[in-house]
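Below: the structure, in structure tokens.
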Amino acid sequence: MPQNILTVSELKKHFGGVRALDGVSFSLTRGETHALVGENGAGKSTLIKTLSGAFPFDSGDIVLDDAPYRPDSPHEAKARGLQVVHQEFNLLNHLSVAENISIEAMPRTRFGILDRAEMNRRARAALDAIGLGDIDVRATVQSLGIAHRQLVEIARALQSDSSILILDEPTATLTERETKRLFDIVADIKSRGVTVVFVTHHLNEVFAICDRVTIFRNGKTIATEVIAETTPAAVVRHMVGRELATERNTYQNRDISGKCALSTHNLKVASNPHPEGLDIAVHYGEIVGIAGLVGAGRTEFLRGIFAADPIVSGHLARNGTPMVFRSPRDAISAGIAFVTEDRKEEGLILDMPISANVSLANMASVSGHGLMRFGLERQRAEDHRAKLQIKCGSVSDAASSMSGGNQQKVVLAKWLARTPEVLILDEPTRGVDVGAKAEIYGILRKLAQEGAGLLIVSSELPELMTLCDRILVMANHRIVGSVSRDDFTEEHILKLAYGQNGTEEGTIA
Amino acid sequence: MKFYNIVASAATALSLLAAPAIAEDKPVVGLVMKSLANEFFQNMLEGAEAHAAERGDYELRAVGMQNETDFESQINAVENFITQGVDAIVIAPADSKAMVRPIKKAIAAGITVVNFDVSLDADAKKEQGLELAFVGPDNRGGAKMAGDALAQALGEGAKVVIIEGNPGADNATQRRLGFEDSVAEYKLDLLDSRTAHWETEEANQVFSTMLTAHPDLQGVMAANDSMAIGVVKALENAGRDDILVVGFDNVPAVGPMIEDGRMLATVDQFGQKMAADAIDLALEVVAGGPELEGWVKTNIELVTKK
Amino acid sequence: MTTETRMLSAPSRRAVSVRAIINNAGIGLALLALILFFSLASEFFLTANNITNILTQITINLILAVGMTFVILIGGIDLSVGSVMAFAAVVAGKAITLPGLGVVELIALACVAGLLTGLISGLLNGVISAYWGLPSFIITLGMLNIARGAALHVSDAQTIYSFPFAFEEFGSALIYGVPVVFLVALLITLLAWFVLNWTVFGRLLYGIGNNEEAVRLAGHHVFWLKVAAFTICGFTAGIAAIIYMARLSISSPIAGIGFELNAIAAVIIGGTSLAGGRGSVIGTLLGAFIIGVLANGLILIGLNDFMRQMITGVVIIVAVILDHYRAKYSAT
């Protein structure tokens, strides 16, 4: 029986009436890689913040290294050997990598001034320790890619002798290759006896690198399983508390011979290097997906259609009638809605009530003569809350109080309030947990059944394959292939995306 | 065509640069003013310009400033005038200490300098070994004239307040001292003394509050007329016509107030003529007259109801 | 339909006001504490005359600060209001002293001229900063100089005076000891409160302050909304100019120097966030009262000018620190 380094029993934490942690128990053994999974809002973030000393817990016990543990500050947590790499980076973008790594204890010369050489030496050692020989310690953090920033954070966390390293959704912004590298580093850390706690939404990652997994639901720990003895389906069952139907099989083929809802002809955005632009067509009742690698120009194309960014040349037609959109307002009046990639920056007004967010794109429906009708607004929000199963305390709570999945549902509600004929979605389930994901798929499918045309960009192929009638594959700002439902295989689509299609598949819809 | 333009503009620029050096017989006078946002100096400048047009035997180059305390642009102006080789510089210093050094430089360059409006600081002059006459009004004496008029109207022991100008400004200090001279001489009871930064609105607010604190006050000495106007409006609002007000500067807006008795008196230092008079004195020296010495006091006059 | 709406409105209306009360409670308590302190320290403070004085004294700052609240709510700033007020006053002063017109025509003309001057200055601030996406700090700093220069130019740096008697009457009129000019300021404050809390326009201004891009992508004319906020601010500077003239019976081109900073201080003390998106005009009203009460009370207790200035500075800093904590608590 391996020795427990950390034991948490019956931990509780309430915020007002909200039970963020409602009986959390689990343990970590020395040197293991332990995954924490659960839907957003299940209590993982609160647990991490409690462990790292960001806020105190109400009741329960934590034992760390055979001694009681109740940290008052992040500083104390670090002193006890517990380090957290947060989802939001805590790096100072304008400072160098070395300065960031040494920020907590800047080395000084005996004259009390900053010892730059020593600082760079320490940073070099910290980076080399996790195999990051290719990062220049004098480069500013902002000159690094997202993945490297993540790794610098890990290097910083590891330079002090930590016994427990908590990684909070480290792969959310990483590409597959970068994720691979992170896993190598985690394996290396583990081999040095460090316990790694891995918080993620991606079960394949859990099964790739973890030894055990603890599942959270509604502020409670439901189960801890040994990875070798369980299956992803079993873990999901614990997470959502029910069996998720395998989506693809229940998919019904619909009649999508409707009219063309939206089409583009030679539509070119500023970042597109090809003068001929892009041609696509979306029919009523059809769900069209766009697959492709990051940087293929998918987001830019969607923003061009919606006039969120100006288009350089080309045409766009609704119901076959050519249209010119000068601003998103024009696109919206033409019955188009756009769920953006980044809901925090572009989709929601986080500090404003949920009801205000729901009505944002359709103020006319909750006002008369320019005056707000708060009762009506509230009622509309309640309707959407019920229809989309949005989980929140009250529709007058701030949007920021909800989990990612529910936030995304509010974004959808905002657009559904307009009953759009064409719905464009960019990464509709990014940062959304498994349960909410399934619910969102249901909503989108229902929309298509009701006759709307949907255009979806996603980096998750299974998502597109689940939802779409047709998938367009983009590479380097060109559509390199169109795959219909019967031909959906990951291999086929990825080959197109990587430009390895030997056949003449490049027909364009 | 383009080339011609370049040549032409270069030639113009050269001739502009050269102009002071080869100016015809007419002497050139550089006039350095304070803030032209202040109507007192604006009027003074207009007076000087009219004077130059009338005399016609000298060339006037005038420079103003952004605001009351912007002495850097005054230093720049003096240095530019030295470079241009003007015959005389007539200056109203924005800072009585900071301007000593550049003026000394101008004198060393053989330029006749006349200091008017505000005197350069005596100690600073001594330290720099500079001897320079001052042409200007006696702010302290003028303030005392106004103060005395108030005291005589109210009688000994009357309760008064002072509304001061900008703290640190030389004329504000001199006027306050002049008012205080009157207070001492007539044994007045000085209840309060506060700044309103030369400003009507602020004087209105500050004074109405002072009036609340001292409802029995009888007289107000304001260091300029803008502030006196604010005081008069505060008295009107409070429905008090038993309190006497004196000001300083004799701006046009107070004319009607003195006529209908809302103000007792103000002091005219003939600002419009002051710069012109200083220029006359400077031209006399340039023409070979004797150097000025000491304090050449300009005319001041108490203005009361006719 | 209407009755249903009204019934449903009731709880959320209450929710709005309850939240406003909680948010403003701290600043209201601070104001009460100041009033209590000065009442004990000076026998004159709570007299009818002094209250009339205070109300008169905060009028102009309150009007400017209400306009400023709109701009700060969308994450901007307007440094030009003091100069614009002077410019508007000079233009209105020129109009009101035109020869050969009846009193009513003159006053009407002056009001229109002054208000238009303010409105156009604000419109320019808004159009320029919103069109090119430039920081309003810089654009309005430019406007500060333009308007001041224009005021001096138009007036030839001379104070304009001798206004119609009826106009001056308005400036000093009282209703039950309350200055009419203050009632005007209060009316403007209530109107602004209504606009910000009860109209779609107000809602979108808060939205822009929080997340401009989300508002734009939801199909709203962010450009015109921002321009409107700046235009309102300029317009209030025009109103302040008319009030200034009525109160003091002069138009001075050097009026209002530094007034923008007092207005910003009132807004910030009132709890509106400089980052935009959070705050209220009710807070601004209380902030203007705090500044006014402080200026008045400190003179009454005989504190000298320099100490007075220092204490005002301390109060601004303390207010921002308190606001920092308030924001923190309301966030958790």
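Cβ coordinates are placed from backbone N, Cα and C, and glycine is handled just like the others.
What TrEMBL says about a protein is an automatic prediction, not a curated fact.
The transmembrane segment annotation in TrEMBL covers C:21-42 (among others).
Feature annotation from TrEMBL assigns transmembrane segment to C:62-91 (among others).
Panel annotation: around the transmembrane segment (C:103-124), residues 67, 78, 80, 84-85, 87-89, 91-96, 143, 147, 164-167, 227, 230-242, 245 of the same chain, lying at least six beyond its termini, place a Cβ under 8 Å from a Cβ of the stretch. What TrEMBL records for C:103-124 (among others) is transmembrane segment.
Taken from TrEMBL, the feature transmembrane segment covers C:130-152 (among others).
Sequence-remote contacts of a segment are chain residues at least 6 beyond its ends whose Cβ falls under 8 Å from one of its Cβ atoms, and for the transmembrane segment (C:173-196) they are 48, 51-52, 55-56, 58-60, 62-63, 66, 69-70, 73, 202, 205-206, 232, 236, 239, 243, 246-247, 280-282, 284-285. As annotated by TrEMBL, transmembrane segment applies to C:173-196 (among others).
For C:223-245 (among others), the entry in TrEMBL reads transmembrane segment.
Sequence annotations record features per position, and here TrEMBL assigns transmembrane segment to C:257-275 (among others).
The annotation transmembrane segment is assigned in TrEMBL to C:281-303 (among others).
Among the features that TrEMBL reports, transmembrane segment is placed at C:310-327 (among others). Within the same chain, residues 23, 26-27, 30, 265, 268-269, 271, 273, 278, 287, 290-291, 294-295, 298, 303 sit at least 6 positions outside the transmembrane segment (C:310-327) and bring their C-beta atoms closer than 8 Å to a C-beta of that stretch.
For the transmembrane segment (C:257-275), the partner stretch with the most Cβ pairs below 8 Å, chosen from C:21-42, C:62-91, C:130-152, is C:62-91. Sequence-distant contacts of the transmembrane segment (C:62-91), counting only residues of its own chain at least 6 positions beyond either end whose CB sits under 8 Å from a CB of the stretch, comprise 113-115, 117-118, 121-122, 125, 129, 136-137, 140-141, 143-148, 150-151, 154-155, 160, 182, 184-186, 188-189, 192, 196, 205-206, 208-209, 212, 225-226, 229-230, 232-245, 251-264, 266-268, 270, 272-281, 284-285, 287-288. For the transmembrane segment (C:281-303), the residues of the chain that approach it from at least six positions outside its boundaries are 20, 23-24, 27-28, 30-31, 34-35, 37-38, 41-42, 44-45, 50, 53-54, 57-58, 61-62, 65-66, 68-69, 186, 189, 192-193, 196, 262, 265-272, 311-312, 315, 319, judged by C-beta separation under 8 angstroms.
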